[in-house]
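Taken from TrEMBL as is:
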DOMAIN    28-114  domain 'Ig-like'
DOMAIN    118-216  domain 'Ig-like'
DOMAIN    226-303  domain 'Ig-like'
DOMAIN    318-415  domain 'Ig-like'
SIGNAL    1-24  signal peptide
TRANSMEM  427-448  transmembrane segment
Amino acid sequence: MKKKQELCLLPVLVAACLVSIMGGSPLPSPILIGPDKAYLNSKVVFQCRSPGSPPPNTYELLKDGNHLVATSNDLQDDQSAMFFLKISVTSEGSYHCRVTAGGNMGLSGTVRLQVVIPVSGTMVTSDPDPPILYEGLRLTLTCDVTKGSHLSYTWFYNRQEVTSSPTSPLTPLLLWPVGNTLVVERVTTKHAGNYSCIAGTRMQTNSRFSSSREITVRIKVYLSVPQISFTISKEGSSYHGNVTCRSSRGTPPVTFYLFLDDKEVGSDVATESLVAWFPVAMVPGRDMGAVRCAVESDAQRLTSRPLTLVVVPVGGSPKVDVEYLYRVDSKMAAARLQCLLSLGTFPFFSWSLNGSLLLHPSEGDSSHPSHALADGGRTLFLTEITLEDSGYYRCRARDSYDVTSAWVESQPVLVQVTEVATTTIEVMAIVFCCFLMLTLAGGVACVMRMLNRQRVKDDSVNISASSQIHFLCLTSLPDP
């Protein structure tokens, strides 16, 4: 650009040199006023002013050096000329004016004019197209226009402007626009939504903009390994099995397949959920084979673990296991009773207290608010242990799918409130202190006893030595 401007100024300098060589004195430099940008097919005005130039004056508007665009004569001492131009594609370039008066000439500075094509036909295109992709892949959005130049772009996500400000609520999404593109290197489900853009040309006056329609980006989630389970029901004298295949993650639609002993026996297309059900033949006590299910999307196919279709009827002798629960202050707070059953795939449990039946929650029990069942009725919680809750508890079980099946019952287990509390930390501390004091007292007594023994021993030695000295003294005396 700089070299081009220098080339444009070269004819101006040459003309000034010719004036100097010819002996004429140059006029004061005229002033050219005009726009730096103009829309295509619009009309603009260039004004050339030459204060201090006596009439008559000749004004010439030149483009890109010495290309004459228009001429105007000033005969009334107005000292200015107006040039009206209709902008075309070829109008872009560098303009200056030349003033001639009485054989003298003056040249103005240049005005660089850029031709702006008005923007229209703005749209958002995507890669991939359509904008449906799995999490972790790359997304590129482009703000395209049918025509336009000298454009700036603004992006919107769910009608919120995307900016590079660190305080923007969209900053965690890592949406960074570059030019007319918006790139997300690794999309997540948070990037799903509606995107749009605005392209426009900013000018001092008459700025123009064009908005695109919203484009919806959909992010698909990869499937998780399907989980398989089955249930059994009885209608009259017939039994019916139902296998459930379920994935916890994924994006519908997906297709589920059921295999029995590695042979496909059914399929189902889930369009709005990630679960499918398949009917199977079922006879209690008989091995009906191993089933697996598979789930398939346009990008994955995953298979579940195998599951053996065997329904074991309820049987054996149930046993009640009791566990007492205590508060921080070591006082009894609750009790947990579990019905341990050795046989039974689909058991239904029932509890009794002192021979009175405690109804199952599904049967609407409200007589014992301190009783709560969990784990399908296998566990009974006594949330408050009072004298009314004390007594003998039994559990019994039967097949949940057959109301006519026989019950098996446990032996009664006594659950009662006891006044004997467990040893508290305070009691333990007191006992420890007493033990420590007794130990210290015993140690002091032992030391005192040892000192007494040493004193007695020392006294015996002193008496023995005194007796020997006395004897020597007596034997050394002369006989009378």
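We number each residue from 1, going along the chain as drawn.
Including glycine, each Cβ sits where the backbone N, Cα and C put it.
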Quiz item: Quick one: DSSP breakdown of the domain 'Ig-like' (318-415) into helix, strand and coil?
Solution: 6 helix, 50 strand, 42 coil
Exercise. Over the span of the domain 'Ig-like' (28-114), count residues by DSSP class, listing helix, strand and coil in order.
Key: 3 helix, 52 strand, 32 coil
Exercise. Please spell out the DSSP helix, strand and coil residue counts for the domain 'Ig-like' (118-216).
Key: 6 helix, 46 strand, 47 coil
Quiz prompt | Helix-strand-coil residue split for the domain 'Ig-like' (226-303), DSSP-based | solution = 0 helix, 50 strand, 28 coil
